[in-house]
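Below is one structure; the comments refer to it alone.
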Amino acid sequence: MDTATKTGYADVLVGLQYGDEGKARVVDHLAAGYDVIARFNGGANAGHTIATSEGILRLRQVPSGVLHPRVSLYIGSGCVIGLRQLASEIEMLAGQGIDLAGRLTISDRCPVVQPAHFLSDRRDGGRIGTTGNGIGPCYADLAARMRGGERSAFQLCDLMRDESRVFEQMMRLAAQRDDEDIAVLIQEMRQAWQVVRPFVTDNPVALLERVEGGARVLFEGAQSVMLDVVQGAQPWVTSSHTLPSYAYVGGDLPCRYHRKTIGVAKAMVSRVGSGPLPTELGAERSEAYCADAGREGRGRADEAARFDPRALLAQGDAFSTGIAIRMLSNEYGTGTGRPRRVGLLDVAQLQLAIRQFGVDEVYLNKCDSLAVFAQTRDRCIPVVVGSRDGNAMHVMRFPAFDESVIPRDDATPLPPQLETLLEWLADVLGRPLRGIGLGPQRAQMRLFKTQP
């Protein structure tokens, strides 16, 4: 990494909708301009995907700058650590020739997900659509501090001091909640800890020292602002703070170094699990269908076997259109494989998020998915711009474009229909569009120096 002589800075990147906006691919494109990519919230419930020419790289806890060998990676104290998942991820990356030694640093203040947390989440989390990775119970025990006269939460620093005592206490806590044999889980965690331990630091100003030396940091948010534990719609939220301002608490850096906030959205809204999705295609019917599919373990393969997306589009009803869009744009959860509920782009929601959370610029992924509407009866792209009376949605319609005119390289101009839509969107959002996604591959991201 280049050695800078002046004080560095930090930017924060967050999702502006309900998750799965393609934040990782934007981080991957921006990473070369930073010295450190840092995570500040969440844990193994985050599914970040980077599509490369060699295949798909799926990450849950390691920051998305892994493909840039000169970039350091940091997991801040606001994240919870699933030892088994993180160790598996580190080993998976090593198997692909990506060595994290000397690159990855983890705060020793990160809480550890315990067997009791997995068991609790899998028993109680299904109704609100959690991933079952124990994230919520881990954060809850961190806040509770004590249960039954004993500590209820442990951080990596506790393992550093006395791992045997901590694992023994974790076993006792789990045994109080479930009859399942916990010994196997504890043994797997002991083994995973040996993989994770070399990356843990007890230096609370590790990231600050880098920035004081000139390092440029990009904080990578997990989940999205609409799922924030406070600002989101309870109880259908994640269990951590997802907002840009929290990056400096969970990322272990004073906020004085903040430079700008980057928001990522996508041209079709989607959501995994239960909770409000005002523009959902198929409304309650779609929500119930996706909930049943999640409980029964049905996803991409099941829908591919049952449905022809083009036939669904020809039917013309919102529910069928939603299934078709999900199939054609691969809207299935990265971390879970569950079908995502699909809705129209909600411009009013984006406007509020941008204003409320201080977003300076926007990236819009999945613009290629809008070509689906060329196969609908009216051949128009519907965009929700608000409600007239609190109930009926006000929808604007833009001419659709065919999939065949989507550019495959930067030299090919955008379809005029898409260009018109993007210019309008940048104007109503009041923020510059810095880039758009035109397909899943790394090369299918187009960056703008000026407005499209």
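Easy rule for this one: first residue shown is 1, then count along the chain.
For all residues, glycine too, the Cβ spot is worked out from N, Cα and C.
Swiss-Prot annotations:
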ACT_SITE  D20  active site, proton acceptor
ACT_SITE  H48  active site, proton donor
BINDING   19-25, 47-49, R340, 366-368, 437-439  GTP binding site
BINDING   D20, G47  Mg(2+) binding site
BINDING   D20, E21, G22, K23, N45, A46, G47, H48, T131, R145, Q223, T238, R338  IMP binding site
BINDING   T334, G335, T336, G337, R338, P339, R340  substrate binding site
Quiz item: In angstrom units, rounded to an integer, how far apart are the Cα atoms of G337 (substrate binding site) and G47 (Mg(2+) binding site)?
Solution: 10
Quiz item: Which chain-mates of G22 (GTP binding site) that are at least 6 residues away have a CB under 8 A from its CB, listed by sequence?
Solution: T49, V264, K266, Y363, N365, K366, G437
Quiz item: Can you tell which of the binding-site residues (G19, G47, G337, P339) has the fewest other C-beta atoms within 10 angstroms of its C-beta?
Solution: G337
Practice problem: Whole-number Å only: compute the distance from the Cα of T131 (IMP binding site) to the Cα of G47 (Mg(2+) binding site). | Solution: 10
Quiz item: Between the residue listed as 'active site, proton acceptor' and G47 (Mg(2+) binding site), what C-alpha distance do you get in Å?
Solution: 8
Practice problem: Would you give the longest CA-CA distance, in whole angstrom, between residues of D20, E21, G22, K23, N45, A46, G47, H48, T131, R145, Q223, T238, R338, the set recorded as binding IMP? | Solution: 35
Self-check item: Least buried by Cβ count (within 10 Å) of the binding-site residues N45, T49, Q223
Solution: T49
Quiz item: Roughly how many Å separate the Cα of G19 (GTP binding site) from that of Q223 (IMP binding site), to the nearest whole number?
Solution: 5
Quiz item: Can you name the residues of this chain that are 6 or more positions from R338 (IMP binding site) yet have a C-beta less than 8 Å from its C-beta?
Solution: V272, G273, C290, A293, G294, G299, Y332
Quiz item: Hey, how far is P339 (substrate binding site) from C367 (GTP binding site), Cα to Cα, in Å?
Solution: 20
Practice problem: Would you list, in sequence order, the binding-site residues among R25, Q223, R340, C367, L438 whose CA lies within 10 Å of the CA of G47 (Mg(2+) binding site)? | Solution: Q223
